[in-house]
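These notes are about the structure you will find just below.
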Amino acid sequence: MAEVKPEDMVHHPPMDQLQGFEYCIDSNPSWGEAIALGFQHYILSLGTAVMIPTMLVPLMGGNDHDKGRVVQTLLFVTGIKTLLQTLFGTRLPTIIGGSYAFVVPILSIIRDPSLAQIADGHTRFVQTMRAIQGSLIVSSSIQIILGYSQLWAICSRFFSPLGMVPVVALVGLGLFERGFPVVGRCVEIGLPMLILFVALSQYLKHVNVRHVPVLERFSLLICVALVWVYAHILTASGAYKHTALLTQFSCRTDRANLISSALWISIPFPLQWGAPTFSANHAFGMMAAVVVSLIETTGAFMAAARLASATPPPAYVLSRGIGWQGIGTLLDGLFGTGTGSTVSVENVGLLGSTRVGSRRVIQISAGFMIFFSMLGKFGALFASIPFPIFAAIYCVMFGIVAAVGLSFLQFTNMNSMRNLCIVGVSLFLGLSIPEYFSRYTTSAQQGPAHTKAGWFNDYINSVFSSPPTVALIVAVLLDNTLDVREAARDRGMPWWARFRTFRGDSRNEEFYTLPFNLNRFFPPS
């Protein structure tokens with residue numbers, strides 16, 4: 001075997017920004033491309049916007065019409081929150097959608113005896129929604145205070161590239177249950193979608209039409225359209241007529257009943273379900289979900305910054321974004337979306353898949369959300385796409401976000417046993433502890449914490465059911481207590497230090513400065 005020459009050994013130096021992006025955070029494609037890409041992000045965001053109400057509204061006593069209104073409201077508020085975040089928050093190209101982190105405290109509210117005993121289904125739905133609204137309004141104060149007081153910026157000073165690796169990685173990996181397990185509910189639709197999407201977006205990505213890589217940029221739209229038509233043909237031909245109810249629910253294109261129950265024109269408005277009701281027990285429980293979504297959002301912001309070819313968001317910008325997310329959760333409570341806010345991880349992954357990290361594209365997507373949420377029938381048409389189609393896309397998008405988290409390893413010394421231990425233990429416990437909580441809850445119909453104090457149960461069960469939250473607790477604790485003085489370089493702190501303050505790197509002003517010359521009134525620190 002020939003000896004390898006030193007000059008033939010490839011060395012890849014660490015890079016602050018990902019390379020190969022044609023459009024980064026502050027550069028824009030043509031208006032035609034931007035509109036098509038924005039619509040593509042809108043289609044992808046429909047998965048979570050439909051899944052959460054589909055799961056929760058029936059448990060609340062609501063019917064198909066109630067579910068349709070909640071879906072419309074969630075999309076409408078998602079559009080508003082996204083515009084606020086991209087204009088005045090971190091300014092990263094992120095969609096601020098519904099969060100699964102709020103499911104645990106919301107289920108506690110649904111099971112509250114004072115609500116569960118209401119006989120009439122619609123009345124129980126309205127009363128439960130009002131209780132959820134009150135809890136979201138009160139708990140949103142946590143993010144607002146932590147964000148605008150810059151307390152979260154102070155907390156983030158304990159983060160290092162090494163500590164962020166498991167957090168960002170598990171923002172993607174922690175959602176594995178929404179990937180192939182959902183694809184498996186309807187393999188004949190989900191698997192072709194997965195294979196077709198990988199083939200078009202990766203293997204055929206160099207196919208150009210008028211110098212535009214159409215398949216790389218728009219493979220999601222093309223694949224969804226083709227497989228959706230295929231699924232409709234299977235539905236219309238009676239392929240699922242005699243199958244199990246779960247199979248019909250997953251595979252049929254007419255099972256959601258969203259189109260028939262949606263109004264032609266319906267504009268969501270604050271307090272549309274009535275005046276919120278407030279309970280200290282419910283509000284304290286909801287605060288745990290707010291903390292979880294704050295941590296998950298922090299990891300997603302870090303991933304979005306790299307996939308938008310920007311520098312890591314400084315502590316000041318990160319805290320500003322958390323403050324605006326708190327405003328978003330407040331809007332969730334006022335409008336009644338049935339859940340709180342977080343960054344849409346799948347849309348962050350799509351930035352990497354299309355190699356377009358433009359902020360304008362996400363703002364156009366927010367416009368589509370607001371527009372189609374008011375035109376109920378048209379929005380419901382797109383929302384009727386079977387879940388396995390979205391799950392197939394998630395298999396790729398969540399994987400990209402997880403890989404972005406692992407890319408932070410390039411700034412650390414992974415020949416250090418200390419670092420190997422911290423990353424390995426935090427990744428393992430970040431997956432293992434939430435899995436224990438999930439299995440316990442499934443078998444016992446209650447979380448491992450089931451004391452008489454409901455708010456305490458919600459705290460423990462929410463926090464330890466979130467992989468990124470567990471990873472943050474373990475990684476940051478170990479990273480800041482284990483041989484800290486001798487390990488600054490190994491942790492990646494020399495590289496990280498200049499991105500901790502707004503003026504630490506000249507590029508920060510380009511990416512994160514507020515529009516309309518607002519920095520004169522709100523100078524960055």
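Quick reminder: no glycine exception, Cβ is built from N, Cα and C everywhere.
Pulled from TrEMBL, these are the features on record:
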- 39-58: transmembrane segment (TRANSMEM)
- 94-110: transmembrane segment (TRANSMEM)
- 131-152: transmembrane segment (TRANSMEM)
- 158-176: transmembrane segment (TRANSMEM)
- 183-203: transmembrane segment (TRANSMEM)
- 218-235: transmembrane segment (TRANSMEM)
- 256-275: transmembrane segment (TRANSMEM)
- 281-304: transmembrane segment (TRANSMEM)
- 361-383: transmembrane segment (TRANSMEM)
- 389-408: transmembrane segment (TRANSMEM)
Segment proximity, the transmembrane segment (281-304) to the transmembrane segment (131-152), 3 or more C-beta pairs under 8 Å: yes
Contact between the transmembrane segment (218-235) and the transmembrane segment (39-58) (3 or more Cβ pairs under 8 Å, separation 6+): yes
Long-range Cβ neighbours of the transmembrane segment (94-110) (under 8 Å; 6 or more residues past either end): 41, 45, 48-49, 52, 55-56, 59-60, 74, 78, 81-82, 84-86, 116, 128, 131-132, 135-136, 282, 285-286, 288-289, 292-293, 296, 300-301, 304, 325, 328, 337-344, 347-348, 362, 365-366, 447, 454, 457-458, 461-462, 465-466
Sequence-remote partners of the transmembrane segment (183-203) [C-beta within less than 8 Å, at least six residues beyond its ends]: 215-216, 219-220, 222-224, 226-227, 230-231, 234, 246-247, 250-251, 353, 386-389, 391-393, 395-396
